[in-house]
Amino acid sequence: MIRFSIRLLLAGGRRAALAAGLVGAGVAMGTLLLAVTLGALHGWDAREARTGWRVDVDSAVARSAVAEPVGTARVRVDSVAGRPMDVVDLSATGSTAPPPGLPRVPAPGEVWVSPALAELIRTLPPAQLADRFPGPPTGTIDDTGLRDPGELVAIVGHADPVEGAVPIAEFDRSAGITIIEGYRQLTYVAVALLLFPVLGLLGAAARLTAVRRAERLATLRLLGASTRQLTVVAVTEVTLVAAVAAVAGIVAEWLLAPALALIPLGGSGWYASDLRVPPLVALAVVAGVALLAAAAATRGMRAVVVGPLGVVRRQAPRGLRWWHLLGVVAALIVFGIAQAAVGTSGFTVVGLVIAVAVLAMFGVVWLVGPWVVRLVGARLARSARSVPRLLAGRRMLDDPRGAFRPLAGLTLAVFVAGFLAPFSGALGGDPEESAALRVGESVSVEQVQARLQERGLAATVTASRRGPLVEPAPGTNRDEVRTALVPLAGEPVVSSAERDVASAVLAADIYRGILIVLVATFLVAATSAGTTAAARVLDQRRTLRLLNLAGTPMQVLAAAQRVETVRPLLVCGGIALVAGLVCAAPIMSAQAVLEPAGLTVLGSVVVIGALLVVAASAASRPLLRSVAQDRVAD
Amino acid sequence: MTPVLRAIGLGHRYGATTVLREVDLAVHPGETVAVTGPSGSGKSTLLHCLAGIIAPAEGEVWLGAERIDRWSEARRTALRGTRFGFVFQFGALLPELPAVENVAVPLMLAGVRRRDAVATAAEWFPPLGLAGLEQRRPGQLSGGQEQRVAIARALVTEPAVVFADEPTGALDSATGAKVFSALAALTTRTGAALVVVTHDQEIAARCQRTVVLRDGAIVQGVAA
């Protein structure tokens, strides 16, 4: 029967190929997005394995956690040519395996640099860079010890631990909780935010060909096929297409990895290989997508009953069940527990806890949506004075879950926007950035002025509570000023903004991540809305065609479709927005949404959401026209 | 008597296949005309041309004193909603609407207020043996009941011509006979003409006139 199903699929002609192609495109896009987020998680793991030992660590945690350290390290943030540079002062405690990327443990006085830094040392005058190090580069760090090919890092060997150094447990993992863990937790939240919309898209794509399948099943039923055989035929086609499309999604992710690697996160880009989903995870994704598609196809089959005469009849719509409301209560309880746990949970699980809270609230929106549609439909059907409104209201009342399906993606996208808007509000403001270079407290203004005069460098030097502040004069090379002052300061000479580069980078990354997640969510939502709207038109094509034959103008049919989409979306969107703000409340004040950046995000969401509704509705209108005015069909 | 509907020299083709050739036909008010013939003989295409569903490639279609075959699609659609009534093989009712609202829809499309439209629609239920079924959904009706609701919907606007395409094709013979009786009786009572496309010779025999098509041309029956 499976072989027969495959033959049916392959021999279906152009229309079948087109339908399978549409299903495949939807599934491939969903899989691609899922693979990108999973690839990001893999990227953090790979980055941590290579550079975790030297990422600035929480020293208290690190010291208490390390019993037998392999060495000590201090990471200093420096800057050259306007780019951040890490200088790692390492003293190894004995014979041990070298840090990743190095052929041996650096001996005292040795300077190992990344290829990008080696190139800068070669090209810039020594007074701008090379003079900051105790000697010329000993060698280069290879790819296995770097965040990305462009990273600027130097590892300087020392005989004894330098001041402020922390113990290193091992070179192949983090000594403590690093910023990478923070990024990993944020990625968990991003996965959670994308999960439901992607699942919705997979479901929408799988249902696209439900009617065509039902018609084929009717023929097979007439020929005496059993229910089990019909199920095999229905499931085989969708599962096969979904599995092939999922593989295509994974391949696309692998091909896109070099482009994705250019997106900076955590202060640098990536190695493309770090972002590629590992084969085993890829297999699991393909299997999962195929299973989901099979489940969607089985559910789609339940929507039609194939009678003994091979007549496809719509089953009485399955109404909303009271246990759906129980589901809402359960999801709210899970959300409450997760919300309470956010403040008390450890750093390594906080992202997962937030993800659970987000998923619970997603569940609430998902379950409440059809009820809202039902209420809106009842009100509309009661008060309708025109045919489009009456049709729309009755359709919503008749099948609230079906009517909510095209709106689900956009509703969830609005939820995501509501969740993220306060973050963008809090992060969007330009931090006051001081460009003045700060020299250590132990150095006097006079010493700095003398040193600069000696080197012929013009700058304004002022005193501050935390040491002299140096503002290079226009035309004076900033890196030369830094390099000249390093021997005096005994540490990198950077501005406060450059010193706190990790925080600045994190804030920028979160903001960038928010925009990426929003764009991805809305793209998925738009595809999902368009696909589902098309599926609904195809579901109703016979009725639509006969209505048009009997003299119902196209405008009436299109208007009914528009009312059916816009009315409930406004209500569902409002609820989703509030739910998103509530979900973000434990982490970020909802008032942050009133910041200009937050308002910008929300305003954009409203405008883009409205445009998407119009576009999705308009996209299915040619199909509506073609279906309604098909004079040859049947 | 002046014909309510008249076709002159109708011809139509799909690609290279000619499906109608030189068809002349006149239908008078209150008349029932059966169009029969083997599959592929052009019955449905003739009905589509007469009803303004498609514009014929050749010939003319007149509704009373107006030539309608060159009207725009939108104008012909509006015409179908007001001057013509349709009964299809399967009821083609809107599954989400109660029966009475299905019947009221053509009135509402014509601009009648909802309350009045529903009240008028409900008046058609007792004569069709549907009293008490007004609030049932199509899915809750039998095939015969669905067809009766479709008949009510076709007649509620008091059209000039009712077109029926295999109206009893999906029903058993006993139910089919009852449904057709109701259709013919009510159409005649309203003064409308009835054009029925059918394979069923018993149904054709109950019409006042039968036109037989073969290979797109009338081969038997009074054309005008």
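Cβ coordinates come from backbone N, Cα and C, glycine included.
Small disclaimer: the values here were computed from a predicted structure and weren't measured.
Quick look at what TrEMBL annotates:
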type: DOMAIN; residues: A:190-296; note: domain 'ABC3 transporter permease C-terminal'
type: SIGNAL; residues: A:1-19; note: signal peptide
type: TRANSMEM; residues: A:186-209; note: transmembrane segment
type: TRANSMEM; residues: A:230-257; note: transmembrane segment
type: TRANSMEM; residues: A:277-301; note: transmembrane segment
type: TRANSMEM; residues: A:322-342; note: transmembrane segment
type: TRANSMEM; residues: A:348-373; note: transmembrane segment
type: TRANSMEM; residues: A:403-423; note: transmembrane segment
type: TRANSMEM; residues: A:510-535; note: transmembrane segment
type: TRANSMEM; residues: A:569-593; note: transmembrane segment
type: TRANSMEM; residues: A:599-619; note: transmembrane segment
For the transmembrane segment (A:510-535), which partner among A:186-209, A:230-257, A:277-301, A:348-373 gives the most CB pairs under 8 Å?
A:186-209
Might you confirm whether the transmembrane segment (A:186-209) is in contact with the transmembrane segment (A:403-423), defined here as three or more C-beta pairs under 8 A between residues 6 or more apart in sequence?
yes
Can you find at least 3 Cβ pairs under 8 Å between the transmembrane segment (A:186-209) and the transmembrane segment (A:348-373), where each pair is 6 or more residues apart in sequence?
yes
Take the domain 'ABC3 transporter permease C-terminal' (A:190-296) and average the pLDDT across it for me.
82
